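Copied over from TrEMBL, here are the features:
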type	residues	note
BINDING	C:Met56, C:Gly204	substrate binding site
BINDING	C:Arg131, C:Ser177	ATP binding site
Amino acid sequence: MSDRLRPESDPTLAASAAELLSALRGAPPLTHCITNSVVTGFTANVLLALGAAPAMVDIVDEAGLFAGVASGMLMNLGTPTPEQRAASREAVAGATASGTPWVLDPVAIGVLPVRTALAQELAAARPTAIRGNASEILALAGQSAGGRGVDATDATDAAADAAIALAARHGAVVAVSGPVDLITDGRRVIRLANGDELLTRVTGGGCALGAVMAAFLGAARVGGVDPLTAVAAATLVYTVAAEHAAAQASGPGSFAVAFLDALAAIQPHDLAPAARVEERAL
Amino acid sequence: MSDRLRPESDPTLAASAAELLSALRGAPPLTHCITNSVVTGFTANVLLALGAAPAMVDIVDEAGLFAGVASGMLMNLGTPTPEQRAASREAVAGATASGTPWVLDPVAIGVLPVRTALAQELAAARPTAIRGNASEILALAGQSAGGRGVDATDATDAAADAAIALAARHGAVVAVSGPVDLITDGRRVIRLANGDELLTRVTGGGCALGAVMAAFLGAARVGGVDPLTAVAAATLVYTVAAEHAAAQASGPGSFAVAFLDALAAIQPHDLAPAARVEERAL
Amino acid sequence: MSDRLRPESDPTLAASAAELLSALRGAPPLTHCITNSVVTGFTANVLLALGAAPAMVDIVDEAGLFAGVASGMLMNLGTPTPEQRAASREAVAGATASGTPWVLDPVAIGVLPVRTALAQELAAARPTAIRGNASEILALAGQSAGGRGVDATDATDAAADAAIALAARHGAVVAVSGPVDLITDGRRVIRLANGDELLTRVTGGGCALGAVMAAFLGAARVGGVDPLTAVAAATLVYTVAAEHAAAQASGPGSFAVAFLDALAAIQPHDLAPAARVEERAL
């Protein structure tokens, strides 16, 4: 986390996140997930713990219909079987026709050709939000990560320009996950410095955040809240819950358990005191 | 839970459940599961914790053969890929030929067309038991749930007539899961009021119960116990273990962990004092 | 555990395992897993906890390429869909072309025809290591397990000749998992008596060990350590961590959580005092 984020907070975002969290629990958004086989269970448990209603519908002749009735949709490309690839196109068409907000998570694109091509195709279909780590966002923007290994904080900043360009190109909110999360709609940039390194030691730590963004987008649509705020609010709730969990954990196993408990226990009023957020216009 | 169930207990069912639990642990039933990608791991862990022997065999040219040698089989339609749909038909044929008892779990049928048609087809193949929530049982019976949202307790009772009709039509035990579980073979109705709301906050809370029913049906077949008793016994053991777990839990994450511990620790003599059961003939 | 193993230790193996564990954490091996749908999440979490970098890439047109860039690869046949079967052939070709060490886990072969044929085919493609329980190793060697049920310790010894023959035939290290783990390259035999019975009550307890072997083989290749030592080192680290976890656990649920914590916490210097290892030349 950069020092300049430590003392700051954005009362606006924390207040919006508190309202969206309350709204979500009052009317659980039906959250349609097409996601990878490694994290399906964890993702569903994250959504259930938070108070949303998950449904994993990833087969042809059901996915399109379901995306049309869902409150929000996640399209995660972690293990894109042929059936899921066909279902994803159906789901995106269904979401588009109904105005269902959806999140694209281009897992591990770059070297792997099948998902890279699919991610480019789906990005062009105007997702509401795109979430990835720095190298995935750089790859989707057509830029390669610079040089040798950089530490993860730097990586987020290294992807800032790519994220802004991608947001402008596709009309999407773009979220770069890392020690500092960067979220932009191409006009404003929000940086959040909450979270814990243990999130990277549990499979699905990033993937489930994409599902939570889809749930918040669903709640935000009902309340007329803009997607940038919804995506940032999802990130804030998720990463503050991670801090609560880390305080209880002895390692990655107990962290994952405590994280689900924390997502269920976190209250709207927990957010403002904990938030380490910076927002600026471009 | 309805008040009239609180002080009652059915010593007959608790005694049968105690015997079946001992029998299951003495000779672990090989429990064949064709289930959805969200809950496979949790389902296997539930069966292992309880003392059964799970095997997830869901591919063509293996599922039929395996259903023939298994003690019990679960057919759960949560993520019915084309491969699983073909394997399910094979497995049902194998189970039928060998007399292997099997459970149909028609997850999320109603709106979704692929699984709804498959559920109707498989229900007609005479499963030993059918397990679902109220809306799934109503949908399978060809009735739509009445009106606006009802609370879940009401929902169980709202599905009672559908469950009885479905049991009579298919010669199956039908179990409606909810705060009060209703189980019927079309002639008798058992209501169980054990369990905990946290079961609904963990993905697979219902799906894994279907697998436990398949394991108990396997143990019951060896001992000549009728399927209605086996399905109710499975439900009793499962929901009493859930109460033990809830007493230890701080939220859905720690509940899921404690539930596996409780399934491994629960003893036959724990059941009678805890059982909140009512049985009546129609 | 046999009594003769209790007081013994092999300082050579424990020292090698300590070095490999340090090496693995210093340069996390990219560990490519093609594995079954029941244990994908647990397997990824085991690798992450330990300090390796898992990637589940099991689709056609990506698996071969990825096996070529990975440090180690696991090919587990637990739920071999048609897509995975095609991807496995691609991955083995990619691993072979690049010299990526790989582990074959022939889950549940014997009765089930699709995986049995595939296991024979892949075994002939010269895996670096083969891991299974006694009955799987016996089946792969073309021998059937003798007679009625034997206890699991006996089973490991019953498979010793089959393991040695298999190692010689395929030029592979063969590991037979059980209360005593037996590992051989056809010239030497290592027996390890660490571990805990709770590993058998968690789904993926064996499957994830195969993934850890692939990670250690990746680290060993960099350091020029032989595959027999790498596979035995992986087993030692894994089973000593299981002992640490069992000391904390109240049942299979809490064991699985504590096991992930223990894999993250275990230190190189923990191994020598705990190791119960016997090695002999044939």
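Note that the numbers count up from 1, one per residue, in the order the chain is shown.
Glycine too: its Cβ is placed from the backbone N, Cα and C atoms.
TrEMBL: automatically predicted annotations, no manual curation.
Cα of C:Arg131 (ATP binding site) to Cα of C:Gly204 (substrate binding site): a span of 13 Å. When the alpha carbons of C:Met56 (substrate binding site) and C:Ser177 (ATP binding site) are compared, the span between them is 23 angstrom. Each residue contributes its Cα atom, and for C:Ser177 (ATP binding site) and C:Gly204 (substrate binding site) those atoms are 13 Å apart.
DSSP assigns C:Met56 (substrate binding site) to a strand.
Among the binding-site residues C:Met56, C:Arg131, C:Ser177, C:Gly204, the ones whose Cβ sits under 8 Å from a Cβ of chain A are, in sequence order, C:Met56.
According to DSSP, C:Gly204 (substrate binding site) sits in a coil region rather than a helix or strand.
Listed binding-site residues (C:Met56, C:Arg131, C:Ser177) with a CB under 8 Å from any chain B CB: none.
Neighbour list (C:Gly204 (substrate binding site), Cβ cut-off 8 Å, at least 6 residues apart, same chain): C:Val38, C:Val39, C:Phe42, C:Thr43, C:Val46. In this view, C:Arg131 (ATP binding site) is surrounded by 33 other Cβ atoms within 10 Å of its Cβ, with every protein chain counted.
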